[in-house]
Amino acid sequence: MTRSHQPGELLLRLRGVTKQFGAVTALQDIELDIHAGEVVALVGDNGAGKSTLVKVLAGVHQPTTGTIEYLGQPATFDSPGKALEMGIATVFQDLALCENLDVVANLFLGHEVNPWALDEVQMEVRAWTLLRELAARIPSVREPIASLSGGQRQTVAIARSLLLDPKIIMLDEPTAALGVAQTAEVLNLIERVRDRGHGVILISHNMEDVRAVADRIVVLRLGRNNGTFNANISHQELVAAITGASENSVSRRAARKLETADQIGEALQ
Amino acid sequence: MSPSDNIEPRLDRADSRVRHDAGLAGALRGFIDQVRSGDLGMLPVFVGLLLISIVFSALNPVFLAPNNLVNLLFDAAAVGFIALGVVCVLLLGEIDLSIGSMSGLASAITGVLWVGSGWPLLLVIPAVILTGAIVGLIYGFLRNQFEMPSFVATLSGLLALLGLQLYLLGPTGSINMPFSSALVRFGQILIMPAWLSYLVAIIPGTLIVWGARRADAQREAANLSSTGMSVPIAKAGVLTAALLFAVWYLEQGRGVPWMFGVFVAFVAGLDYALRRTKWGRSMFAVGGNAEAARRSGINVRRIRMSAFIVCSSFAALGGVFAAARLASASQQAGTGDVNLNAIAAAVIGGTSLFGGRGSAWSALLGVLVIMAISNGLTLLNLSSSLRYMITGAVLAIAVIVDSLARRSRASHGRA
Ligand SMILES: Nc1ncnc2c1ncn2[C@@H]1O[C@H](COP(=O)(O)OP(=O)(O)OP(=O)(O)O)[C@@H](O)[C@H]1O
Ligand SMILES: [Mg+2]
């Protein structure tokens, strides 16, 4: 990184971003600000548009309408390469790894050391260092990705996003397949990255993780903004924002559980 | 210093679950594991060559005569060049079915410009390769811009290029090339001096040992485990002995053709490009998972374009070699079994039709198998009808092996 940013400095600003896939409107009038030194959690139900938003910022999809400002300048991310170059790295939900290549090749894909005579030793050392930072349990970095477990692959994808020392890092359900220790390491890592003055966008369905690290929680519902909260928000309120009603399947289930507990209590008495 | 002397474990040796094969026995065990999981590598080629030699030399002892093998190498170079290009498109999971026509067109252009218009060879050959590059550019454009499947684009190319070839050759239908010219001598008689052939035979082994030493030293310095020298030395020893024997055997006849030597040099060059450069890495990535490659910032369109350009250019160069070999450019050049031979060679050598797996050496080894079959059948005086059927069957078998190996690899988690 060339210069570090003051905490609180605005890195990314989205206004009125809409994305349509044919008849489906995946995102509508999205507003989002990302500041340096801040973890923004993006939550919402399945199909709410979280991954689509991340892909728009990663240059994978082009927004149908709307403006994106990056470091105070209007910006278009017309290819994934451009977004990476500008300092936005992404861990995609589907990981986007090449199964036929080994761990080192995947980590450095598109950014190999010494393009005309690949420096395998240097890349391997760097790979081990990155993986160690994540407490990765990877037996060999010279095995093809196809032979790794789901969680190991996820670790590789996360390690890859750190490689270029990005200004903003977006993690789309990075801990979905991770073990307890690895999840803790990823959360630690998110805090370390934030403390270095980078912006982090975290997508997760795990509300505990979200409230543990997020400075702000942005809720998407059916492709629209449905409120921005700070980390102190109660579980019920957050669920209500995600599902769109205080009366919802989660609250009903909780109520039912309470009821059965009461009944058992009465029966015992 | 043995690894156990280190208090701090090596960077890559922290996980105790992995068996780290060391030494010769370890390498052998690793190789057997690899083959059983469906990663066959070059194994089918060696089995194939062995079977072919036994069968054909039993049927006709001339097959293994030094001069017959020298002729075989002369024949192999042209198809080998075409197969080398095919490797590039197969790596991306694409195909080029017009390579035969491209080589035919290339020999026609050579005939027209060189014999017909009197251009110097030094201009003719670049012009021919440029033509190939332009054809590849068109295929790449069709694939990128219109998402046209490459087999359709190149199938129409097959006919279009053949048409152009017939048009260029005109009503006479063939152009003969002067036997005393450098090109024809290159294609029919020029032999590498014996000392040079022997020298070349030692190079691969030397490179293996030297490369392994360098890698070991670098890994040692970077606190990575090193593999030790016993395996590379054994590999280099076997390889050098085999190559020296091959050269010695060919020297009992006329020797190693220059044409074949040039082909091998190109194979080595492409091998380096595929394994040791960013371009090569990108080729494998796009063949393995194009969307993942795109999201890593690789310009997938440019990589595809480059593969088609390399393929057609090599096919064009193969056409020049074929013209040199036959001392003519005719309407038959590049037709018949040329297409299939080149594709079969790449697949037999171990390049997968499904993309993401393969090597430049597969073109060399595969073309030896294909040419050995074709040469053996010719010695038996079999008509081309039978030869075509047998070549077709060989390609089918190669593809079946490829598919089965792929399935086995998938179930063993080796991509
Ligand atoms: N490439 C695409 N083509 C068409 N529709 C798409 C595409 N990608 C996403 N969609 C649609 O956009 C909507 C939002 O999808 P998205 O993947 O962003 O959801 P998500 O919030 O990430 O959900 P999840 O929690 O399940 O990952 C869905 O209705 C989906 O069907
Ligand atoms: Mg998603």
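Glycine residues also receive a Cβ, built from the backbone N, Cα and C atoms like all the rest.
Bear in mind that the values here come from a model prediction, so they are computed numbers and not experimental data.
Copied over from TrEMBL, here are the features:
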type: TRANSMEM; residues: B:40-63; note: transmembrane segment
type: TRANSMEM; residues: B:69-92; note: transmembrane segment
type: TRANSMEM; residues: B:122-142; note: transmembrane segment
type: TRANSMEM; residues: B:149-169; note: transmembrane segment
type: TRANSMEM; residues: B:189-212; note: transmembrane segment
type: TRANSMEM; residues: B:233-250; note: transmembrane segment
type: TRANSMEM; residues: B:256-274; note: transmembrane segment
type: TRANSMEM; residues: B:305-326; note: transmembrane segment
type: TRANSMEM; residues: B:338-356; note: transmembrane segment
type: TRANSMEM; residues: B:363-380; note: transmembrane segment
type: TRANSMEM; residues: B:386-405; note: transmembrane segment
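The transmembrane segment (B:305-326) shares the most Cβ pairs under 8 Å with B:69-92, out of the stretches B:40-63, B:69-92, B:338-356. Each of B:189-212, B:233-250, B:338-356, B:363-380 was scored by its Cβ pairs under 8 Å to the transmembrane segment (B:69-92), and the highest score goes to B:338-356. Proximity of distant same-chain residues to the transmembrane segment (B:338-356), defined by a Cβ-Cβ separation under 8 Å and at least 6 residues beyond the stretch ends, is recorded for 40-42, 44-45, 48, 79-80, 82-83, 85-87, 90-95, 97-101, 103-104, 158, 284, 287-289, 315, 318, 322, 362-367, 369-371, 374, 391-392, 394-395, 398-399, 402, 406, 415. Through the fold, the transmembrane segment (B:40-63) approaches residues 34, 348-350, 361-362, 365-366, 368-369, 372-373, 375-376, 379-380, 398, 401, 405 of its own chain, all at least 6 residues removed from its boundaries and within a Cβ separation under 8 Å. Outside the transmembrane segment (B:233-250) by six or more residues, the chain places 24, 27, 66, 69-70, 73, 194, 197-198, 200-202, 204-206, 208-209, 256 with a CB less than 8 A from a CB of the stretch.
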